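Below you'll find the structure, written out as structure tokens, and then a few comments.
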Amino acid sequence: MILENLHITHFRNIEKETIAFDSRVNILYGKNGQGKTSVLEAIYLLAITKSFKAQSDKIFLQHSQNYLDIKGGFKSANGNRIEVRYFYSEKDGKNIFLNTNKVEKYSDLIGLIPVVLLSLEDFELTYGVPANRRRFLDILLSQVHPLYLSALQNYKRALAQRNKLLTLIKENKEPPYSLEPWDEQIVKNGSEIIRHRITFIEFLSQKLAANYRKISSLNNERIEVTYKSNIDDELQKKTQQEIQEDFTRKLNEQLNGDIQKESTTIGPHRDDLIFKKNGFPFKSYGSQGENKTFLIALKLVESEYVLQNAKEEPLLLLDDIFGELDENRIGHLIDFIADIGQTFITTTVRHKFENARLNRQNFFEVNDGRIVQ
Amino acid sequence: MNTLGIDALDTLINQLSKLPGIGHKTAQRLALFILKSEPAYSEALAGAIIKLKQETRLCTRCFNIAESELCSICRSPQRDNHTLCVVEDIVDVMAIESSNEYKGLYHVLGGVISPLAGIMQNDLHMKELFERVEKEPIKEILLALNPSTEGEATMLYISRQLKESPVRITRIASGVPIGSHLEYVDAATIGRAILSRQDL
Ligand SMILES: Nc1ncnc2c1ncn2[C@@H]1O[C@H](COP(=O)(O)OP(=O)(O)O)[C@@H](O)[C@H]1O
Ligand SMILES: [Mg+2]
Ligand SMILES: [Zn+2]
């Protein structure tokens, strides 16, 4: 997917701007606090229907304005023009339009415009709580596999119903066997979620080391990723059928504990990803620099995965992450990235990109909410 | 809430806004439309509403809408009483009837199981369903609940409860998009889905 032009009105510190993007590489440069990240945020909103920074629309509505309007003109791989519009007003709330038709179910839009984002917020991915890593998997896989998104929605719904029922069982208001239909759905959808996650993690394990070397000067690092599930240790070796059986058995084993806690302790909503370097978890041993390198490598694999599995090339949004890399490495990296999909990079140091094979149409200066090529 | 302080108007707006899918603004528009219309129209509308409640009730067998103890489908000798289609709501009976592909009887559950909404199996016409399976010459139960998470769980519940019974349990399958509600699916799609049902 290519974002050809973007119209932004009353969003963050951007009053009203129209930008015509390059189809491969776009470098948004400028001092801090000028609106670079906001441009990426606007693009992300059109693709994912939610912001990666703010929970509520009020936060990114420009101060003292009462509506905001973001319109993106896209060109798909098969040449179709697509317009996505995100409109928010204090009066009518949020509305999203696809080719001027109002989108009723936002999940229908997910995956149409695949995006991969790497921002400073992502540094919590390695250090932070497991929920961050599950969110990473969920956002990626929902964009690429519509089945994953529907399994995830059904799973979460069935889980909420089951947890409610656990409370009723604890209070002796319902018999334990009333869990059965919910458990079946949890197992069916949960194992679908696990299957997709494992397939992605196998892809990740194969590609990660090579990508790490593209960015890091250290050549003999051993990078590993494993999926940690409380259903079983070695799920990747099991068939779908076996996973379902193990999952069902584990749910039953934990039943009494779950009733006491009034919550479900087994399943992919409790799973985690473990990143290791030379046998040690990044989470506890990686330095900040290593972590950054690792995350860039991870995002490159993520982009390759989208490229291979979705019908569209992803948009790559890289927010302020190249600061520590030298000019040569940045040059190589940009060549590599530009082959994956249209790229949007923000930076405070334009000169670091001088070695990359770029022209004037690849650069945009962002200054106090104004954007000029 | 802006009001002109006219009691008769506010009362009508208030009553209309209790209807599903009608917000305060729409209720205002409808009320003003009625206000401006011919007296004959408002009388006919009010009469139709009163008549609906006076002259209909729920069928004691299948819980579809009826004019006497049994609904017209339960009373019809043309219907195949070996097949029973289980639906959530009366609107689903209407949707399936409009496809003209189904010739059996119905059973309206009155909802789906949802602990979060405080609806358990005993709050639905579930017991009556199992009694019918015992008493009536039913050979096939066609589950046509909406494929929401709750609809799926309710269908699983029914099929597990009837595990020991000799009736064949099927569900409408292809064609009905996941998560879409039967009442919004066009008649042709429902027709095809009924013809291509699957065993559970
Ligand atoms: N709702 C808003 N209305 C007006 N200005 C805002 C709003 N939200 C953030 N800003 C301002 O917008 C500027 C742009 O932020 P950002 O895009 O993160 O800058 P950059 O990435 O260039 O450092 C910041 O100075 C911030 O204070
Ligand atoms: Mg920024
Ligand atoms: Zn009847």
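From the backbone N, Cα and C atoms, a Cβ is placed for every residue, glycine too.
The feature ATP binding site is assigned by TrEMBL to A:Gly30, A:Lys31, A:Asn32, A:Gly33, A:Gln34, A:Gly35, A:Lys36, A:Thr37. For A:Asn32 (ATP binding site), the count of additional Cβ atoms within 10 Å of its Cβ stands at 8 [all protein chains shown].
Annotated domain 'RecF/RecN/SMC N-terminal' per TrEMBL: A:3-357, in sequence order. If you average pLDDT over the domain 'RecF/RecN/SMC N-terminal' (A:3-357) in this model, you get 90.
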Where the C-beta lies under 6 angstroms from ligand 1, the matching binding-site residues among A:Lys31, A:Gln34, A:Thr37: A:Gln34, A:Thr37
Most Cβ neighbours inside 10 Å, all chains, among the binding-site residues A:Gly33, A:Gly35: A:Gly35
Distance-selected binding-site residues near ligand 2 (C-beta under 6 Å), from A:Gly30, A:Lys31, A:Gln34, A:Gly35, A:Lys36: A:Lys36
Count of other CB atoms lying within 10 Å of the CB belonging to A:Lys36 (ATP binding site): 26
Other CB atoms within 10 A, centred on A:Lys31 (ATP binding site): 10
A:Thr37 (ATP binding site), number of other Cβ atoms within 10 Å: 22
Cβ-Cβ distance under 8 Å to A:Gln34 (ATP binding site), same chain, at least six residues away: A:Asn13, A:Val366, A:Asn367, A:Asp368, A:Gly369
